[in-house]
């Protein structure tokens, strides 16, 4: 009786496939989506300067009035910041279309309009998440405008209103690492986180003027925006 032959086991190198998939994902993130060159020009220094100015001009004494004036200061600063974003966008530099450069003013102005429109659903979200409903509605809405201009506007300029491209980017593998290397997106994420942390001091029994709604949330958003931009630059 002939001896039984041992069945040979086939093995597949999943490590190789994994590395190939990761490399493909990194290639897609680098080529299909807008990127920004890390630079001191795209650090949102104006975020730190503006929140300092708001306190300097009496934010704790006249919350509504100073926040309203702050919006009229923030809009031109964001327009300038948006222009700097277009000059540092790597995809913009690689494209050969001449129309893109001609439409920069329209892109920047349209981004402001869209951000102001997006402040309405953001205002509703703030109410649903616990913002005072019986009082401070005007202050909450001004907060939503500040947040929308800080968080949405730079991304709108970078992605040129391409919602589908942004969704595909957020759904791609390695997106967290890509966000950490993108000054615009990291600033937006840390602005959101800063706003969330800004809620913490409000109920504390310290009896300070700066604990009034929504000063700490506004402060957290501006600081988060600045920290995101400078952290990406320093740790790139």
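We count from 1, first residue shown onward.
Cβ coordinates come from backbone N, Cα and C, glycine included.
Annotated features, as they stand in Swiss-Prot:
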TRANSMEM  40-60  transmembrane segment
TRANSMEM  65-85  transmembrane segment
CARBOHYD  99  N-linked glycosylation site
TRANSMEM  107-127  transmembrane segment
TRANSMEM  139-159  transmembrane segment
TRANSMEM  184-204  transmembrane segment
TRANSMEM  215-235  transmembrane segment
The transmembrane segment (184-204) versus listed stretches 40-60, 107-127, 215-235: most Cβ pairs under 8 Å
215-235
Beyond the flanks of the transmembrane segment (215-235) by 6 or more, those residues with Cβ under 8 Å of it
38-40, 42-45, 47-48, 50-51, 54, 59-60, 63, 67, 143, 146-147, 150-151, 180-183, 186-202
Hey, which bits of the same chain come close to the transmembrane segment (107-127), Cβ under 8 Å, at least six residues off its ends?
75, 78-79, 82-83, 86, 133, 140-141, 143-145, 147-149, 152-153, 156-157, 160-161
